[in-house]
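> Quick one: this structure, given as structure tokens, is what I'll be asking you about.
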Amino acid sequence: MVLVTGAAGQIAYSLLYSIGNGSVFGKDQPIILVLLDITPMMGVLDGVLMELQDCALPLLKDVIATDKEEVAFKDLDVAILVGSMPRREGMERKDLLKANVKIFKSQGAALDKYAKKSVKVIVVGNPANTNCLTASKSAPSIPKENFSCLTRLDHNRAKAQIALKLGVTANDVKNVIIWGNHSSTQYPDVNHAKVKLQGKEVGVYEALKDDNWLKGEFVTTVQQRGAAVIKARKLSSAMSAAKAICDHVRDIWFGTPEGEFVSMGVISDGNSYGVPDDLLYSFPVVIKNKTWKFVEGLPINDFSREKMDLTAKELTEEKETAFEFLSSA
């Protein structure tokens, strides 16, 4: 049983086919898809339901479209929480946090009440890190390690920028890291990244020999890529976001390849990188048997330290604001 929320929206429209055709959970895993959206979107959702039926996908056992949380969250194995309150023009980040605390408190409580205790919860809706923490706090009976938020899109953006600069494919680049918040304070770090050039693996800094670009334009390009897409398309990233969600969930399900790590927002408790506990922060992780572990022992230079602390500070402030609302929501 797989739930997608915000199922009438444009990320879901790019995502649902990939889940239904076996690209995420494997070509022999039958799926029941549950689609949740708000009541005014039910007409649109009905159209999405018809299209999924018309795809005639052999693995799709059933599709349930609903606007009721007690239906949507029942017996779930995986919950992909895409739906959130988008930021409107003239809206303060604080207002956005408040609106989303309400949504994710309610969905967290529904997970707690109706879903399997082994459910894997992936939060995409922004502000994703803090929304994820809110949902986790509202679902005390589900292990907090089961909650993660999407920073894989940023991770893939970083990989792609390096690949473009070096004239290789993104597949030849591995072990980039996104630290921190899925916001413009995130820190894309390639100090530990490797690239395959002429059949050998070399460090990205060594391969590029352009430290100024890596510490300057590369970082800001990745940080602001979402805004650049909105400016160009007049819509936010959907195809690339859906692809990143598939990557993230597939890696949870099947594990990460040997010698490779990925970025995801997870609970910071017990990390060795000086990030305060009880934050939902993006780290490099490896995954095995559906369980993630921090990649340990990576040396952190002063440039990285400063950037990692800055994004942790933003997350601490977001958390404090959200928790004020959480107690009153």
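Residue positions begin at 1 at the first shown residue.
Cβ coordinates are placed from backbone N, Cα and C, and glycine is handled just like the others.
Nobody curates TrEMBL annotations by hand; they come from automatic prediction.
Okay, so TrEMBL annotates it like this:
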| type | residues | note |
| --- | --- | --- |
| ACT_SITE | H182 | active site, proton acceptor |
| BINDING | D37, N100, V124, G125, N126 | NAD(+) binding site |
| BINDING | R87, R93, N126, R157 | substrate binding site |
| DOMAIN | 2-147 | domain 'Lactate/malate dehydrogenase N-terminal' |
| DOMAIN | 151-325 | domain 'Lactate/malate dehydrogenase C-terminal' |
> By the count of other Cβ atoms within 10 Å, pick out the sparsest of the binding-site residues N100, N126.
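Minimum Cβ neighbour count within 10 Å, taken over the binding-site residues N100, N126, occurs at N126.
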> When the number of other CB atoms within 10 A of each residue's CB is tallied over all shown chains, which of the binding-site residues D37, R87, V124, G125, R157 has the maximum?
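That would be V124, with the highest Cβ count within 10 Å.
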> By DSSP assignment, list the helix, strand and coil residue numbers for the domain 'Lactate/malate dehydrogenase N-terminal' (2-147), in that order.
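With helix first, then strand, then coil, the domain 'Lactate/malate dehydrogenase N-terminal' (2-147) has 66 helix, 26 strand, 54 coil.
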> Just give me the nearest neighbour of V124 (NAD(+) binding site) among the recorded positions R87, R157, H182, Cα to Cα.
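Closest recorded candidate to V124 (NAD(+) binding site) by Cα: H182.
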> Minimum Cβ neighbour count within 10 Å among the recorded positions R93, H182: which residue?
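Across R93, H182, these recorded positions, the one with fewest Cβ atoms within 10 Å is R93.
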> Measuring Cα to Cα across D37, N100, V124, G125, N126, which the record gives as the NAD(+) binders, how far apart are the two most distant ones in Å?
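Per the listed residues, the maximum Cα distance equals 16 Å.
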> Work out how many Å separate R93 (substrate binding site) and D37 (NAD(+) binding site) at their Cα atoms, rounded off.
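One finds 23 Å between the Cα atoms of these residues.
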> Relative to the Cα of R87 (substrate binding site), which of the recorded positions D37, G125, N126, H182 have a Cα no more than 10 Å away?
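Final answer, ordered: N126.
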> Looking only at C-alpha atoms, tell me how far N100 (NAD(+) binding site) is from H182 (active site, proton acceptor), rounded to the nearest Å.
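Each residue's Cα considered, N100 (NAD(+) binding site) and H182 (active site, proton acceptor) end up 15 Å apart.
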